[in-house]
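Peer 1: Pasting a structure here, questions to come.
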Amino acid sequence: MQFTAITSPAQQVSTELLILPIFSEQPLSNSAAALNQALNNQLQTLIDQGDFTASAASTLLLPAVQGIAAKRLLLVGCGKAPLSDAATRKLVSAAIKSAKTLNITKASLLVDGLEVKQRDCYQITRLIAEEANSTLYVFDQFKSEKKPATQLNELEFVVAEADLAAAEQAASHAQAIALGMNFTKDLGNLPGNICHPSYLAEQAQQLAKDYANLSVEVLDEQAMESLGMGALLAVAKGSEQPPRLVIMQYTGAKDDSQPLALVGKGITFDTGGISLKPGAGMDEMKYDMCGAASVLGTMKAVLELQLPINLVGVMTCAENMPSGRATRPGDIVTTMSGQTVEILNTDAEGRLVLCDALTYVERFKPKAVIDIATLTGACLVALGDKTSGLLGNDEELIQQVLAAGKTAGDVAWQLPLFDDYQEQLDSPFADIANIGGRFAGTITAACFLSRFTKNYPWAHLDVAGTAWISGGANKGASGRPVPLLTQFVLDNL
Ligand code: BES
Ligand code: MN
Ligand code: ZN
């Protein structure tokens, strides 16, 4: 979908559909009042008669309005001002659902007059655009009968003159982020029999064909062996699918300034291995590659925007399967860093594929490294599916990531990485065990990673809860944390 911005008096916006947000219990905004006047007081009458109460996310379509340049008017209730992010999303979703049923290609939305708590016009526009994109997203590749695709392909934001530049920038950023999120969602929704490690590698290679300043290198098992990546290899051992370490390098900066590095967990299916998971809901473990997919999605957004920064994106990909060749509980492997690991639970595989990738990225002398992983069920228990877990070794970096999440409406929350937790990883037989105890699972997982990230500022995002929407009509990948990561890049230009 195309996002654009214009400035114009509301009654002069020439469009197939004008979406007009209206707050309850307050006079019409200036734009709404101007429309009302051009419409012979029709809006005020609808409100006075109680035909439109402006309750949250309610909609009323006025199909053939006369006296204004727009052909149709869609009133959207906002409830009481100001709006929260969540309420804004709900009303945008309701408006877009209503708009997509019409035979139109373009809709315009009056942003002017919309009040959202602690958000300026740039951020409001981003929020609306990204929600509109999510509402229109469909994944029907495997449906024999597809629902007819919506015609709606442009959303235009009508803003005050003073906000035009900000809204234009927001529209362009949101469009790139939306593309990135959709890419990430598609990959997360693909089943494990299609989206395996080599498939993810091919996606990166395709991206490098599409954009000139991206180069891609793919390491196979042999290369991993020569690098001594014993942990990554141990996870892949039980699978017929070979592992892949995919390294994408984007050169957007004019100089050879230090890159930012993103490292994503790419377990294309997580059965648990010999420490087999229970059967119920195991199908969802196809989304255990969403960390990697979010690296691809963020790379896509950055490529679209051609941001002036150097960015390294790494996907550490394997399939975690049980078999006669699979790693056993108790097996000891040597990581690329030289540290040995006792694999007490083969289901704690994410940290194993990540640790070697985290050692590998040292060669890029990154100014910061962020890893993204559907790492622990414990993170779902702690934070649910709304907030990503965040831990790391550099307070300044952590604060930057938190701020990016807030700006992007893709929030994270810091958990402590106190030294006291480290002893849970003590092993009698090797340098480190791959699991801690029963408690603080998200923290002990990060403790494990912290043993491999001592040489650079590092932050870890646990997206086990946020990368996927479980059950219900919206079941599927969420595209998170592409907005947070892209925002982080934007904030670091
Ligand atoms: N991929 C899972 C984590 C996960 C669980 C993600 C649920 C999304 C939803 C990860 O590989 C895993 O199995 N972690 C174990 C770690 C444990 C064995 C220490 C877990 O969380 O149970
Ligand atoms: Mn697992
Ligand atoms: Zn996993």
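From the backbone N, Cα and C atoms, a Cβ is placed for every residue, glycine too.
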Peer 1: Would you identify which residue of D288, D331, D371, D385 TrEMBL lists as part of the Mn(2+) 2 site it also attributes to K265, D270, E349?
Peer 2: D288
Peer 1: Counting only residues 6 or more past its boundaries, what in the same chain has a CB within less than 8 Å of a CB in the domain 'Cytosol aminopeptidase' (345-352)?
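Peer 2: Tertiary neighbours of the domain 'Cytosol aminopeptidase' (345-352) are 231-232, 234-235, 238, 265, 267, 270, 272-277, 288, 291, 318, 320, 322, 326-329, 333, 373-376, 434-435, 445, 448-449.
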Peer 1: Provide the three-state DSSP residue tally for the domain 'Cytosol aminopeptidase' (345-352): helix first, then strand, then coil.
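Peer 2: Going by DSSP assignments, the domain 'Cytosol aminopeptidase' (345-352) contains 3 helix, 0 strand, 5 coil.
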Peer 1: In Å, rounded, how far does the Cα of D270 (Mn(2+) 2 binding site) sit from the Cα of D347 (Mn(2+) 1 binding site)?
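Peer 2: Here the two Cα atoms lie 8 Å apart.
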Peer 1: Restricting the comparison to the recorded positions K265, K277, D288, which residue's C-alpha is spatially nearest the C-alpha of R351 (active site)?
Peer 2: K265
Peer 1: Could you check the recorded positions K265, K277, R351 and say which one's CB has the fewest neighbouring CB atoms inside 10 Å?
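Peer 2: Comparing Cβ neighbours within 10 Å for the recorded positions K265, K277, R351, K277 has the fewest.
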Peer 1: Sorry to bug you, but what's the C-alpha spacing from K277 (active site) to E349 (Mn(2+) 2 binding site), rounded to the closest Å?
Peer 2: 12
Peer 1: Of K265, K277, R351, listed as recorded positions, which ones have a Cβ less than 6 Å away from ligand 1?
Peer 2: none
